[in-house]
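Quick look at what TrEMBL annotates:
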COMPBIAS  1596-1611  compositional bias 'Polar residues'
DISULFID  CYS35-CYS50  disulfide bond
DISULFID  CYS62-CYS80  disulfide bond
DISULFID  CYS74-CYS89  disulfide bond
DISULFID  CYS94-CYS106  disulfide bond
DISULFID  CYS132-CYS144  disulfide bond
DISULFID  CYS139-CYS157  disulfide bond
DISULFID  CYS151-CYS166  disulfide bond
DISULFID  CYS175-CYS187  disulfide bond
DISULFID  CYS182-CYS200  disulfide bond
DISULFID  CYS215-CYS227  disulfide bond
DISULFID  CYS222-CYS240  disulfide bond
DISULFID  CYS273-CYS288  disulfide bond
REGION    1589-1611  region 'Disordered'
REGION    1766-1820  region 'Disordered'
REPEAT    464-506  repeat 'LDL-receptor class B'
REPEAT    507-549  repeat 'LDL-receptor class B'
REPEAT    550-593  repeat 'LDL-receptor class B'
REPEAT    594-636  repeat 'LDL-receptor class B'
REPEAT    769-811  repeat 'LDL-receptor class B'
REPEAT    812-854  repeat 'LDL-receptor class B'
REPEAT    1027-1069  repeat 'LDL-receptor class B'
REPEAT    1070-1112  repeat 'LDL-receptor class B'
REPEAT    1113-1156  repeat 'LDL-receptor class B'
REPEAT    1157-1198  repeat 'LDL-receptor class B'
REPEAT    1374-1416  repeat 'LDL-receptor class B'
REPEAT    1461-1502  repeat 'LDL-receptor class B'
TRANSMEM  1638-1661  transmembrane segment
Amino acid sequence: EYVTSSTECSCGRNHFTCAVSAFGECTCIPAQWQCDGDNDCGDHSDEDGCMLPTCSPLDFHCDNGKCIRRSWVCDGDNDCEDDSDEQDCPPRECEEDEFSCQNGYCIRSLWHCDGDNDCGDNSDEQCDMRKCSEKEFRCSDGSCIAEHWFCDGDTDCKDGSDEENCPSDVPAATCSLEEFQCAYGRCILDIYHCDGDDDCGDWSDESDCSSHQPCRSGEFMCNSGLCINAGWRCDGDFDCDDQSDERNCTTSMCTADQFRCKSGRCVRLSWRCDGEDDCSDNSDEENCENTGTPQCAPDQFLCENGRCIGQRKLCNGANDCGDGSDESPHQNCRPRTGEENCNVNNGGCAQKCQMVRGMVQCTCHTGYRLLEDGRSCQDVNECAEEGYCSQGCTNSEGGFQCWCEQGYELRPDKRSCKALGPEPVLLFANRIDIRQVLPHRSEYTLLLNNLENAIALDFHHSKELVFWSDVTLDRIMRANLNGSNVEEVVSTGLESPGGLAIDWIHDKLYWTDSGTSRIEVANLDGTHRKVLLWQNLEKPRAIALHPMEGTIYWTDWGNTPRIEYSNMDGSNRRIIADTHLFWPNGLTIDYAGHRMYWVDAKHHVIERADLDGRNRKAVISQGLPHPFAITVFEDSLYWTDWHTKSINSANKFTGKNQEIIRNKLHFPMDIHTLHPQRQPAGRNRCGANNGGCTHLCLPSSKGYTCACPTGFRKTSSHACAQSLDKFLLFARRMDIRRISFDTDDLSDDVIPLADVRSAVALDWDSKDDYVYWTDVSTDSISRAKWDGSSQEVVVDTSLESPAGLAIDWVTNKLYWTDAGTDRIEVSNTDGTMRTVLIWENLDRPRDIVVDPVGGFMYWTDWGASPKIERAGMDASNRLVIISSNLTWPNGLAIDYESQRLYWADAGMKTIEYASLDGSNRKARETPPGTDSPARIHTACEVSNGGCSHLCLLAPLPKGYSCTCPTGINLQSDGKTCSPGMTSFLIFARRTDIRMVSLDIPYFADVVVSVNVTMKNTIAIGVDPREGKVYWSDSTLRKISRAALDGSQFEDIITTGLLTTDGLAVDAIGRKIYWTDTGTNRIEVGNLDGSMRKVLVWQNLDSPRAIALYHEMGYMYWTDWGENAKLERSGMDGSGRAVLISNNLGWPNGLAVDKAGSQLLWADAHTERIEAADLNGANRHTLLSPVQHPYGLTLLDSYIYWTDWQTRSIHRADKDTGANVILVRANLPGLMDIQAVDRARPLGFNKCGVRNGGCSHLCLPHPTGFSCACPTGIQLKRDEQTCDSSPETYLLFSSRASIRRISLDTSDHTDVHIPVPELNNVISLDYDSVDGKIYYTDVFLDVIRRSDLNGSHMETVIGQGLKTTDGLAVDWVARNLYWTDTGRNTIEVARLDGSSRKVLINNSLDEPRAIAVFPKKGYLFWTDWGHIAKIERANLDGSERKILINTDLGWPNGLTLDYDTRRIYWVDAHLDRIESCDLNGKLRQVLVSQVSHPFALTQQDRWIYWTDWQTKSIQRVDKYSGRNKETVLANVEGLMDIIVVSPQRQTGTNACGVNNGGCTHLCFARASDFVCACPDEPDGRPCSTIPGVVPPAPEPTSVSERSQTPPGRVGTSTAKPLTSLEACINYPCCSLSGEGLHVSYVIGGLLSILFILLLIAALIIYRHNKSKFTDPGLGNLTYSNPSYRTSTQEVKIEAIPKPTMYNQLCYKKETGPDHSYTKEKIKIVEGICLLSSDDSEWDDLKQIRSSRGGILRDHVCMKTDTVSIQASSGSLDDTETEQLLQEEQSECSSVNTAAATPERRGSLPDTGWKHQRKPSTESEV
């Protein structure tokens, strides 16, 4: 009985209630049928959970409760129906090369652990997991994913473990200005916002767009911008991503042939009551006539009354149906005789017999079925059952045989096939990347990332390529399967390439484009592209190829959705399915199974059919919210679903075993199985020679066809035309296309051009095969060849809206109209010799055409009074030919044959024509002809018509006329042009310099074509005499010059500039003056940059504009600092005075009006232009308000100025400020401006003829002139001549420069010494004898020398150096000493680098600075290693002695005061400068608070030093330590400093004469000298005895210590040693003389006692100190910085100071441009290292008493951003912290408490000091 109830069912007593069915129906059965082993409910619910009945001892008890005969067990038949009688049978033996499954199957051992469940019970896949590689992250379930997917916000592990324990403060990505942020956070380029493409993937970039590209007719547009079929609106199904198609619906929207479900969804009427739940709420199957019988389960019997009962109740003698139909004779129930027995005649059964309740029941063997008579058996045709065999099936009597196609092998179940070859990989597009996943395991890897919007994809297995389409970029790309070598294949003419497919046999690429409604084909590299199918296509999407058959299949989800196929050459097209289709998305072909599968995203179904469309059947119709793409492999289907964002799989025959392979994906798109069996081999129909075709060879079902690229016609069966004869060229904003008239498809072909934004006007030149176009977005005119090659911009300056274009193909000229500037211009076709033809009375000119035959040009003008005009091509005889009945005359065309002019009027919506003179006007009747210009001869052909520049055609009788480029006048002969502009404005625009001619009646700006990149050109000046322009670039920090035509470019000042805001050329005195806001100086130099001198350096805040008045000898400048002012001085810097200091804000522009004797200036803050007399009196306002004036200049009676706000140049009368006009507008980035008249004579030169008698500079002042010297050099007493260099000066290094500061003059300006190839200069010294600088460069690891002026650079030591920190020249013995911190040695060589010798190589830890005292024979050095110390030895390294080793931190710099005989050193850790005498005694602190000193030197009464933290050079009085002053501030990377002075290198010693008679090295000592030999013999014989030259070279060179006997040391020149001296020198001897006096003994004992006490005190002191009790110290230990680290080596003081405490270290920089390596940065307590090797990192974790050398072996970094550049000056701590956080440098810190703080120097120099004292050791 069926009871229909909504919620629950209840049956009467004595009845059992079956489970509720899916359709809500209830079934009741008699209670005694429960647990009788028979399926009466149909869903086994009456048999679930039963105690199993007991079988007789002779029977076997099946797992499902059934009883069968014991003899049937293990007979190969499934008698239990659950296979339990065939389990645990003795297994068959497996062969040697087979693997034995637990269930008894045998499989090939190759298949063990291949990720595929071949046994069926997965026992072959119980394997160890593979190890993840270094670049992978291991998920908790053991699978591996790409390392950078860890914590990327995307769940990539199946168990989500890659997104657990992530740092929570991952900042939300903010998009840059040029980007748009999608709803889920991704950034895309802003140009993709509202372009009609779903670039984000969730349509969020297309919502809220007003400018939507509308959908086609018959379509509905979702709010998101997606277009769907209009019939889907309000059909109850959410088809839009944002569900907007189901909003605001009235109830019924279904059409006449549709049925409305309860949910509101519409389905086809024919589906009502078809037994299938199409509504998904079953409402289409309710209240149906009971036409069909209810379906019974397979093991049930259907009674005639429609009831279902268990199969075993048939013929059991009981009326179970209720109508007797289960016992009727129809069912062949034999009458019961009661004598039947299986033992007699087998019970009459043909095969198997068994007794049930005393009755015989016959059954059959597997492979047979019981016939109607209940006894006989008939063979079952297993092959008729779908999916019984995977691929091939052959039926046999009582059995069957499955077989597999080539490339597959039968699995042990003898039914399914396994593909041979590697593991299958699922390749899928994920919009932003392409990934691979192994379906059988959790392997998951990235193939390509950082993609914009990858949709469709396919692969070419044998060539190892992957192809994909990107619908954001509208391109098809390809790459190698390993992710390398990404390149574009098709980049033009695509709109929405939604499907692509590879023909792997013929190597072709096919794709569908639903935007252009085409299917196209090309070679794999994109060449020979052809539109294959274009008719009757609406929205083609998926495409699949069958190259073995030569066919293509595709889906089309337009208004009439369908699946079609055709041959691969486009022939024989057929529809295979067009019913029950809505949104056919994915399509795949099962080559082995000869079937196709597709998904329907609207019908939510996966269907399949034969390849001809027959036998169509739904495979899966549940659980498919929005399937997109599908692929098939072996017996499984794999598909992607947009809604669940997952990849799923199921059995391809039954649709069962549904699994989720991967979910939580970004946006799964197309999917393919990457496996060789998905691209099986086949016959190449084109053969080896491309079928003999010249272009494309396309296969078809029988053979092949030769085809031509789009638009090209076939000239024979195999060949194509080489070019197009007739075609139409048209522009479409973003691209330019042409349609060939040679073929009938009229497909448009995109010309492959780059960066077309808004193409408007077009023309083409048949002679050179160029196409020309204008672009009104980039305001440019460009040209290119037809194939897109040779693309170049022809004109791109001073264009505002170039809307019309015409080529004069006879004289090769380009004519164009500009509706923005209202001009018509002409130039050569390459853009040269441009000039303005017509500039008056034009109001929005649009199209232009030329008629070179008649010599006329015609143009339309759609301004206030629309008209069509005509003029000669040289602008003569201008005439309006049509002016009535026009609204928007747009296009123009000439028909040369019929002599007619055609035009289109967009307002009147007409096309009209008239004769060429405007008469006979008519509306169009005959179609116009085409441009077919004939070759004609003109006057311009012969030697350019005699014109020097442009020859333009004109109507007869004239024939032609000459003209000149813009701004230049024609001379009186009418043929030649002036050499250049005479009077003009010239102005800077950051990235270019332009001129506006004042010689002509209109203003047009022309770019000065300097062939150099400008970054930020600010100030500008002109030398009218030579016709050169000078400019400053504040980004490049240079001043450069070039001729006005752009030639002769050169940089004149390249050093010592920061922000040069003002510049003035003194054309009379031939000088250039400039102001610099960064250095706050005003300087002067010759026009070539030589003899540069600082004129003003005090009390300048922000000097900007500068103006000169040579005749009066004055210079004027503005200063817009705190107290803005306008100042004046003589042109030599004398007589400085403030003229105006009140009511000024930002005085930007400044000009001197010599004629009116007044000063003019522009102030951008007060918004005025003001004037005053030359002495500042009589101040008055000329103009107010002006918005933001910057540059100001004047010429004749006008002033001109640039304005930042209006982006324009303005002009006004200079006396009254009236008549303001706009000169040029729309010029962003305007800077300085100058007005020049080259015809005006220059004034009188005050310096006259012989430079005023001056040797160097002659500078005017009000009363005459004065001689001057370059910066730092003093004028001699004659007040005319100068030395070539200063007498005494500081020489210092700053990484990439060596500079000097003169001590002769008071300005202390640094001057660069032009030594070439400086990278990272550390240490310096000089030799006064030869006048050479010596320096070390630790980037190149060399020691070099050059002259003091920077010339003659040469390498002295070029190899075997690691880190040369210190350098000292022995100017007497001509030796060079250096320390090498990397190798821990002190070495010596001759000054030319020869005779190199290691002097000291033991007990050195970190030797740094070194100094020599030749007169005394001493060598001094500092060592800041483990135990910091200062040592002394003789110049030969003997008698080494520690002078200072207590209370020392990082002794960095060292210098000797030869006069007072004291040593000075800086301590960068204790922050002080100290001194002592030459024996280490009389130690005293000179200065105690210096921040981070590095090097020091001494001159006169001053000590000078460089400081890394304040980035300055400072000095103090060497006696008192007072009068501290800064010599030079704000210099990056300060290193060594020395004084060059005649007083510095004096004194002599025994080596000074004739090298002491030594052959190689001569070393002076305290009282004698020694000779020594180099470590490596140099081929010259070497002697250690002075004056002796040995006969032959010795085999080895032996150290002089073992060679020289004590008594015989250089007796020739050294005085004899006294006995006392000898004993001091040689402690081995004892003093001769009387017996030792008692007082000596007592004194000795006392001394020993005293020494012991001292030692004890020292130990206690050191012990306490190690506990950080010394309050004057900070609280952490350090090791000294290596200067490879940077000038930033600083720390937080316990004493508050404005410090910056991130200590960065820089290693050898990678070259002069300092592009530092960026790898992962790791910070250990502030040691910043860049380590590529983790072992180094581990070493660091256990910092032993490290020798700050750790720092040096790591490349350290400098950040690109503001973060912590050296320019960060002195930030306070919070700012620094923010910077460090911004840097997000993946720094991890380790706890350094393990490094015991027992003494200073045990930890590397971290540059951090704790702000408070740590109270416990662990805190430290």
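In case you wondered, yes, glycine gets a Cβ from its N, Cα and C as well.
Unlike curated records, TrEMBL annotations are generated automatically.
Note that the structure is predicted; figures quoted are calculated from it, not measured.
Overlay of TrEMBL feature records on the structure.
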residue: CYS35; record: disulfide bond; Cβ neighbours (10 Å): 17
residue: CYS74; record: disulfide bond; Cβ neighbours (10 Å): 13
residue: CYS80; record: disulfide bond; Cβ neighbours (10 Å): 21
residue: CYS132; record: disulfide bond; Cβ neighbours (10 Å): 16
residue: CYS144; record: disulfide bond; Cβ neighbours (10 Å): 21
residue: CYS175; record: disulfide bond; Cβ neighbours (10 Å): 15
residue: CYS182; record: disulfide bond; Cβ neighbours (10 Å): 19
residue: CYS200; record: disulfide bond; Cβ neighbours (10 Å): 26
residue: CYS222; record: disulfide bond; Cβ neighbours (10 Å): 21
residue: CYS240; record: disulfide bond; Cβ neighbours (10 Å): 21
Inset, instruction - Measure the Cβ-based neighbour count of CYS89 (disulfide bond), defined as the other Cβ atoms within 10 Å of its Cβ. - result: 12
Legend entry - Long-range neighbours of the repeat 'LDL-receptor class B' (812-854), counting only residues six or more past its ends (CB under 8 A): 761, 765, 767-768, 770, 772, 774, 779, 781, 783, 793-795, 798-806, 860-865, 871, 873-875, 878, 889-894, 896, 901, 903, 916, 933-934, 936, 938, 949-950, 952-953, 955, 963-966, 1001-1002, 1004, 1006, 1226
Inset, instruction - By CA-CA distance, flag whichever of CYS151, CYS187, CYS200, CYS273 among the disulfide-bonded residues is nearest to CYS144 (disulfide bond). - result: CYS151
Inset, instruction - Going by Cα-Cα distance, pick out whichever of the disulfide-bonded residues CYS50, CYS80, CYS106, CYS215 is nearest to CYS182 (disulfide bond). - result: CYS215
Inset, instruction - Given the disulfide-bonded residues CYS74, CYS94, CYS175, CYS187, state which is nearest to CYS200 (disulfide bond) when distance is taken between Cα atoms. - result: CYS187
Inset, instruction - Across all the protein chains here, work out how many other Cβ atoms are within 10 Å of the Cβ of CYS288 (disulfide bond). - result: 12
Inset, instruction - May I have the DSSP-based helix, strand and coil counts for the residues of the repeat 'LDL-receptor class B' (1374-1416)? - result: 0 helix, 23 strand, 20 coil
Legend entry - C-alpha spacing of CYS89 (disulfide bond) relative to CYS106 (disulfide bond), in angstrom: 14
Inset, instruction - Using DSSP, break the repeat 'LDL-receptor class B' (1113-1156) down into helix, strand and coil residues and give each count. - result: 0 helix, 23 strand, 21 coil
Legend entry - Set of same-chain residues at least 6 away whose C-beta sits under 8 angstroms from CYS94 (disulfide bond): SER100, CYS106
Legend entry - Local confidence of the repeat 'LDL-receptor class B' (1157-1198) - pLDDT mean: 92
Inset, instruction - Could you check which of the disulfide-bonded residues (CYS35, CYS80, CYS89, CYS175) sits closest to CYS132 (disulfide bond), going Cα to Cα? - result: CYS175
Legend entry - Non-local residues, at least 6 beyond the ends, that sit with Cβ under 8 Å of the repeat 'LDL-receptor class B' (550-593): 218-219, 229, 232, 239, 268, 390-391, 404-405, 407-408, 417, 499, 501, 503, 506, 508, 510, 512, 514, 519, 521, 532-533, 537-544, 599-603, 609, 611-613, 616, 627-632, 639-640, 652, 670-671, 677-678, 680, 685, 698-702, 704-705, 707
Inset, instruction - Starting from CYS50 (disulfide bond), work out which of the disulfide-bonded residues listed here (CYS62, CYS74, CYS166, CYS187, CYS288) have their Cα within 10 Å, and give them in sequence order. - result: none
Legend entry - Residue, out of the disulfide-bonded residues CYS50, CYS139, CYS166, CYS215, CYS273, whose Cβ gathers the largest set of other Cβ atoms within 10 Å: CYS139
Inset, instruction - Identify which of the disulfide-bonded residues CYS106, CYS151, CYS157 has its Cβ surrounded by the largest number of other Cβ atoms within 10 Å, counting every protein chain shown. - result: CYS157
Legend entry - Rounded to the nearest Å - Cα separation of CYS89 (disulfide bond) and CYS215 (disulfide bond): 67
